[in-house]
Amino acid sequence: MAEASEPVFKFSAISFGLGICVAIDVSTLTTAVTLYRRAGRSIYYVLLGIIAVAHILDLAIGFAGDAHTKDSALLQALALLFAWVGGCGFVGLNMARFHSVGMIQMPTLTKALLALTGISMLLCTANNAMFAYTFIAHGANGEQQLPLVDVLFSAWSVYDSLVNLGISLGFIAVLRSIGGKSGHELRKNFHELLGSVRWVLGLECALVIAANAIVQAADFDPQWISVYIAESVRLRFFCYFLLTLSRMLKKKVKASYAAPIASHVHAGGGPSHLHDVPLSVIHIHGGAGEKQQPSGLRGTTAVAATGTTNLSSMGELHTSSDHVGVF
């Protein structure tokens, strides 16, 4: 029987932290796959899954070598490539989600956030390029040769978290506007969901800032595990925000289409009047959509039967009886 690597148990903070990161990232990946299968097979969820996988690979490859050999240094550079995919991909995906609705509702704010997003992606690219240079040129002592790189990374990470917070707050402002124009019951539901989102956004931003403050004390967290954990938690919170957003828009869509139908019914309008209801129905089968313009009672029946609608003013929004996809 093979002997254990250690005769007694020894706690490893690095292994413990990496285990937490991988568990959270796998949870995020599972959520992305589930949303992809149930919410219209959107490329949005594919990209979310890719970002989660990139973070896992960054962890796995980055800690596989110590950069003392040329091959290990190349592994570190490869890990930085996945780190770049995760860093630029996250803020880019967040901005892409907001852009379609933001350009309609808040064009000036959207353009400003788009510029800030571009700056964040450029800074991320520059930081990872400098890290790659230090590992390839100086090996294990690369970061000691250019200590400013760590400081610049933390500065970018905090800036990036604030940009993502701004994008999410912009989306909340749009949702508040939508909720304010709805009925009393819908406003109540919106406020409850918005309340749950606010504390998540605040905690997400605070975690990233705290983690980057902690790693400035090299002796306390020399491997930057706290930053990796904060990034994993941030990505998982992003999924929570997405799911909450889906529920909010689902409620809005149901209320929006129930109101005009109800008004015609209470007004005594029969089938000859129902063709005036401004509906656009999309039947989705395996991801392929066939758009139909309803007319008369037949169009209204289609809505009741399928529960599937499309609102072009909110980007691509598909709703069904049990899920909503925003992408």
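Note that the numbers count up from 1, one per residue, in the order the chain is shown.
In case you wondered, yes, glycine gets a Cβ from its N, Cα and C as well.
Feature annotations, courtesy of TrEMBL:
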- 12-36: transmembrane segment (TRANSMEM)
- 43-61: transmembrane segment (TRANSMEM)
- 73-93: transmembrane segment (TRANSMEM)
- 113-136: transmembrane segment (TRANSMEM)
- 156-178: transmembrane segment (TRANSMEM)
- 199-218: transmembrane segment (TRANSMEM)
- 224-245: transmembrane segment (TRANSMEM)
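Long-range contacts of the transmembrane segment (156-178) within the same chain, counting only residues at least 6 positions beyond its ends with a Cβ under 8 Å from a Cβ of the stretch, are 87, 90-91, 94-95, 97-98, 101-102, 105-106, 109-110, 113, 116-117, 120, 123-124, 127, 190, 194, 197-198, 201, 204-205, 208-209, 212, 227, 234, 241, 245, 248, 252. Sequence-distant neighbours of the transmembrane segment (224-245) (same chain, 6+ residues past either end, Cβ-Cβ under 8 Å): 13-14, 17-18, 20-21, 24-25, 27-28, 31-32, 35, 48, 51-52, 55, 59, 86, 90, 94, 97, 157, 161, 164, 168, 171, 175, 193, 196-197, 200-201, 203-204, 207-208, 210-212, 214-215, 326. Beyond its flanks by at least six residues, the transmembrane segment (12-36) meets 42, 45-46, 48-49, 52-53, 55-56, 59, 63, 223, 225-226, 228-229, 231-233, 235-236, 238-239, 242-243, 323, 325 of its own chain at Cβ-Cβ distances under 8 Å. Cβ atoms under 8 Å from those of the transmembrane segment (73-93) belong to residues 44, 47-48, 50-51, 54-55, 57-58, 61-62, 64-65, 67, 117, 120-121, 124-125, 128, 131-132, 135-136, 139, 142, 160, 163-164, 167, 231, 234-235, 238 of the same chain, restricted to positions at least 6 beyond its ends.
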